[in-house]
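Everything below concerns the one structure shown next.
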Amino acid sequence: MGTVSSRRSWWPLPLPLLLLLLLGLAGARAQEDEDGDYEELVLALRSEEDGLADAPEHGATATFHRCAKDPWRLPGTYVVVLKEETHRSQSERTARRLQAQAARRGYLTKILHVFHHLLPGFLVKMSGDLLELALKLPHVDYIEEDSSVFAQSIPWNLERITPARYRADEYQPPKGGSLVEVYLLDTSIQSDHREIEGRVMVTDFESVPEEDGTRFHRQASKCDSHGTHLAGVVSGRDAGVAKGAGLRSLRVLNCQGKGTVSGTLIGLEFIRKSQLVQPVGPLVVLLPLAGGYSRVFNAACQRLARAGVVLVTAAGNFRDDACLYSPASAPEVITVGATNAQDQPVTLGTLGTNFGRCVDLFAPGEDIIGASSDCSTCFVSRSGTSQAAAHVAGIAAMMLSAEPELTLAELRQRLIHFSAKDVINEAWFPEDQRVLTPNLVAALPPSTHRAGWQLFCRTVWSAHSGPTRMATAVVRCAPDEELLSCSSFSRSGKRRGERIEAQGGKRVCRAHNAFGGEGVYAIARCCLLPQVNCSVHTAPPAGASMGTRVHCHQQGHVLTGCSSHWEVEDLGTHKPPVLRPRGQPNQCVGHREASIHASCCHAPGLECKVKEHGIPAPQEQVIVACEDGWTLTGCNALPGTSHVLGAYAVDNTCVVRSRDVSTTGSTSEEAMAAVAICCRSRHLVQASQELQ
């Protein structure tokens, strides 16, 4: 209570008297506080005196965020993020205004960093009592409390990522990553280790917290261990993936492998500033760390990705949903889980690799041999998703050296396309995460691959919707990708379908929950296709016995996907859209009470066909796959049982799931079928023929 009364005693003082008092305190506390704190505050008061005296109070429209894991929180330090359209000069003005208004209330604040190149905002050290004041400042979008991030580490690996037709000791991919620069945000690095000597430039950037505990001894080998090992995995002379890649080191983790979100943000801004001052070729940023979900961390990654930087991060070692952590949950980041030599998920004591829809793929992450900081010729074995992410960063460097013009979306699609598929035992994952987690282990592409005209597609799952009847789930593709089809999935089977709609100038896939349902997922099929032009044609409920029909009526447009949604709770059978391979392949047909949507696209050389596989009686799963040379763009269930849970694409296979038939009382008349729409570019066929 004494503190509160002392603060209030400052409040009625005239401003000149307050300035004198602050200057006096500055002299008295010169030994306790950093130089300039009080002078900075006085300048802020002087510059804002006229403007703030009569400033109106603003309603609190900004939001406050903090880490969901209490032990990782760092109260007292906050990232203040301004609105997207705010001019960069407003960052410093808003910081000064906050300091001045805080001083008028008897609080001291310290501006630790002003962001100019990464995002509009600043980092401030202040009392939590000032949050309400800060949230009301003009231009403020949101404020996030700082939190901790941690290193994620607790030669079969090189053989695993090498294409099967080669052996690790004889295959040397083209250029070895020499055209790419990799930034590593980690601990410090022993740059004179024989594995990485001459390959690593240690920058002067350092933003790390103090080590925990007064007895911690900062041995060089401890401070350098994590970063040195990962640098060796990325570009080591003997054990590295991309042996020709150059690497720059930024220190954001202390000797205990611990850092902060704010320190990492400043590191990312350092990279962005360097990119602006001296543009170079392709950049890969390796973030082998994880913290709790952070809106500002994810936003910073998004901005850097939009600037053309490829970011690769560890999924995390918490045997948990990767979407609960940052930067793993950022859609613009390539998130990597860890597998062992048998292609199984890595277990680390009671924990292990993270999983879920936010993971893009897995890579070797157990017992990885790499450079040790114990001596300049020592090696050590380490495990974790940090090591897995380092492998993918190396593979990305190799791919970008071979094709420097690749965008982030193109690189991600290639990483997925060339991965080893369906090799992970999904039983290791929690049951509700198995369908969401990609069964992919990273691999280098063959040296002779030609992907210029290939149609690449990937499946993107939404977050789970709420359980209310009107709840919806929404998923979107990356900026450079095209949404070619939309489907939905509900574990309870109670859903009201899905549709493609426009949102913010971008097409999204929206799925609808039903009354009594437990929630629904929206599933997008996101593809890369040059010069593509797509539209959605919708037919409202027909009310006729023949059902609702819609087709692609524009010349040159082909059907890439069908979807349907309905307002009534139970249509019985014939819920999903119907596609008939015979007669009219560009037509979708559905229940008479449902709206039917056809996704129709035009691109040079694009051709599509429909494949169907049905069974006379319901089973838990029905699949149909596209042939080699064709790419799955659409996946749906044909009319049949009302017990269908939904349909989704796994690589090039369409999967239709239903509830356990042993408990649903199904009859033999209730048939079900999986329908795939398979597309290809004729340019690819022609190019293949020319090579033969």
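The backbone N, Cα and C atoms fix where each Cβ goes, glycine too.
The following features are taken from Swiss-Prot:
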type: SIGNAL; residues: 1-30; note: signal peptide
type: MOD_RES; residues: Tyr38; note: sulfotyrosine
type: MOD_RES; residues: Ser47; note: phosphoserine
type: DOMAIN; residues: 77-149; note: domain 'Inhibitor I9'
type: DOMAIN; residues: 155-444; note: domain 'Peptidase S8'
type: ACT_SITE; residues: Asp186; note: active site, charge relay system
type: DISULFID; residues: Cys223-Cys255; note: disulfide bond
type: ACT_SITE; residues: His226; note: active site, charge relay system
type: DISULFID; residues: Cys323-Cys358; note: disulfide bond
type: ACT_SITE; residues: Ser386; note: active site, charge relay system
type: REGION; residues: 450-692; note: region 'C-terminal domain'
type: DISULFID; residues: Cys457-Cys527; note: disulfide bond
type: DISULFID; residues: Cys477-Cys526; note: disulfide bond
type: DISULFID; residues: Cys486-Cys509; note: disulfide bond
type: CARBOHYD; residues: Asn533; note: N-linked glycosylation site
type: DISULFID; residues: Cys534-Cys601; note: disulfide bond
type: DISULFID; residues: Cys552-Cys600; note: disulfide bond
type: DISULFID; residues: Cys562-Cys588; note: disulfide bond
type: DISULFID; residues: Cys608-Cys679; note: disulfide bond
type: DISULFID; residues: Cys626-Cys678; note: disulfide bond
type: DISULFID; residues: Cys635-Cys654; note: disulfide bond
type: MOD_RES; residues: Ser688; note: phosphoserine
- Task: Please work out which residue of Cys588, Cys678 has the most C-beta neighbours within 10 angstroms of its C-beta, and give that one of the disulfide-bonded residues.
- Result: Cys588
- For the domain 'Inhibitor I9' (77-149), the number of residues DSSP places in helix, strand and coil: 24 helix, 27 strand, 22 coil
- Query: For Cys601 (disulfide bond) and Ser386 (active site, charge relay system), what Cα-Cα distance in Å is obtained after rounding to a whole number?
  - Reply: 40
- Message: Within a 10 Å radius around the Cβ, which one of these recorded positions has the most neighbouring Cβ atoms: Ser386, Asn533?
- Response: Ser386
- Proximal but sequence-remote residues of the same chain as Cys600 (disulfide bond) (Cβ under 8 Å, at least 6 apart): Cys534, Ser535, Val536, His537, Cys552, Gln554, His557, Val558, Leu559, Thr560, Asn586
- Query: Which state, by DSSP, holds Cys678 (disulfide bond): helix, strand or coil?
  - Reply: strand
- Query: Who sits close to Cys626 (disulfide bond): which same-chain residues at least 6 apart have their Cβ under 8 Å from its Cβ?
  - Reply: Lys611, Leu632, Asn652, Thr653, Ala676, Cys678
- Note on the structure: Whole-Å Cα distance, Asp186 (active site, charge relay system) to Cys477 (disulfide bond), is 30
- Nearest to Cys477 (disulfide bond) in three-dimensional space, by Cα, is which of the recorded positions His226, Cys255, Cys323, Ser386, Cys527? Cys527
- Query: Per 10 Å Cβ neighbour count, which of the disulfide-bonded residues Cys255, Cys358 ranks highest?
  - Reply: Cys358
- Item | Sparsest-packed of the listed disulfide-bonded residues (Cys534, Cys562, Cys608, Cys635) - C-beta count within 10 angstroms | Cys534
